[in-house]
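Undergrad: What follows is a structure written as structure tokens; I'll ask about it next.
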Amino acid sequence: MSETLRTIKQSRRGLMIVLSSPSGAGKTTLTRKLLAEHPDMTMSVSGTTRAPRPGERDGVDYYFLTKNQFSDMINEDEFLEHAKVFDNFYGTPRGPVETALGEGKDVVFDIDWQGAQQLAEAAADDLVKIFILPPNMRELESRLKTRAQDSDSVIAKRMSKSEAEISHWAEYDYVIVNEDVETALAELRMIVAAERMRRRRQLWLSGFVKSLISGA
Ligand SMILES: Nc1nc2c(ncn2[C@@H]2O[C@H](COP(=O)(O)OP(=O)(O)O)[C@@H](O)[C@H]2O)c(=O)[nH]1
Ligand SMILES: Nc1ncnc2c1ncn2[C@@H]1O[C@H](COP(=O)(O)OP(=O)(O)O)[C@@H](O)[C@H]1O
């Protein structure tokens, strides 16, 4: 590929890649693996009022906020979207997402169906919505238990909400059944590769075709 073609091909709009699933289906695992393969992608770090799990780091896994801090951010319009999930508040800080997209970087969001709907209202063209399903409900429960980061009552609550979350599957562009993690990752990789190549996202194409035809 010529240097000029390489340069203009970089002028593309960043994708907003949303992953949703019932708790424990594997969103965090898959997003981490995807990001490890794509250093040019950014993860949107959400704000939440939920307590940190063992090992979770403020500013890396989440911004852990008090209810007051969260409502101040709502009042200052600092969230791109926000929602209540499992009795806690979660929201996507607007600033880092806008900066990354402005630089043409893809941004990955681990948010629920309410957040996905709000982003769809704001930015439908650049949004790719992916839903992750577990192979079966027994396995979902066993993954929540193996993760060993939530109490039995929190796990029971998450299981009882999983059907409601799954009921939104048809609002998504793609569905991946995460049985084997490497297969699911390969599917995710293919979705990202194809979405990046969509004609309307390749801002460089019309200029390229013009010069192609004019023989420049
Ligand atoms: N709307 C919205 N949902 C979020 C956000 N961050 C996390 N969530 C969702 O909140 C739910 C609970 O997340 P979490 O407490 O980390 O539990 P986990 O999904 O079991 O790891 C999941 O469905 C997340 O996708 C956010 O910024 N906005
Ligand atoms: N395909 C898979 N097979 C077996 N275990 C998995 C698979 N995908 C994820 N897990 C495990 O299941 C647990 C829940 O995964 P996680 O990514 O935290 O889910 P979520 O972010 O959707 O709540 C973790 O312990 C993770 O290592």
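The backbone N, Cα and C atoms fix where each Cβ goes, glycine too.
Features from TrEMBL:
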DOMAIN    14-193  domain 'Guanylate kinase-like'
BINDING   SER21, PRO22, SER23, GLY24, ALA25, GLY26, LYS27, THR28  ATP binding site
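I'm curious about the neighbourhood of these features; can you describe it?
TA: Averaged over the domain 'Guanylate kinase-like' (14-193), the predicted model has a pLDDT of 94.
Sequence-distant neighbours of THR28 (ATP binding site) (same chain, 6+ residues apart, CB-CB distance under 8 A): ASP110. THR28 (ATP binding site) carries a helical DSSP state (H, G or I).
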Undergrad: Beyond the listed site residues SER21, PRO22, SER23, GLY24, ALA25, GLY26, LYS27, THR28, identify every same-chain residue whose Cβ lies within 8 Å of the center of their Cβ atoms for the ATP site.
TA: ILE132, PRO134, LEU140, ARG143, ASN178
Undergrad: Per 10 Å Cβ neighbour count, which of the binding-site residues PRO22, GLY24, GLY26 ranks highest?
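TA: Selected residue: PRO22.
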Undergrad: May I ask which of the binding-site residues PRO22, GLY26, LYS27, THR28 have a CB within less than 6 Å of any atom of ligand 2, listed in sequence order?
TA: GLY26, LYS27, THR28
Undergrad: Of SER21, PRO22, SER23, the binding-site residues listed, which put a C-beta under 6 Å from ligand 1? Please answer none if none do.
TA: SER23
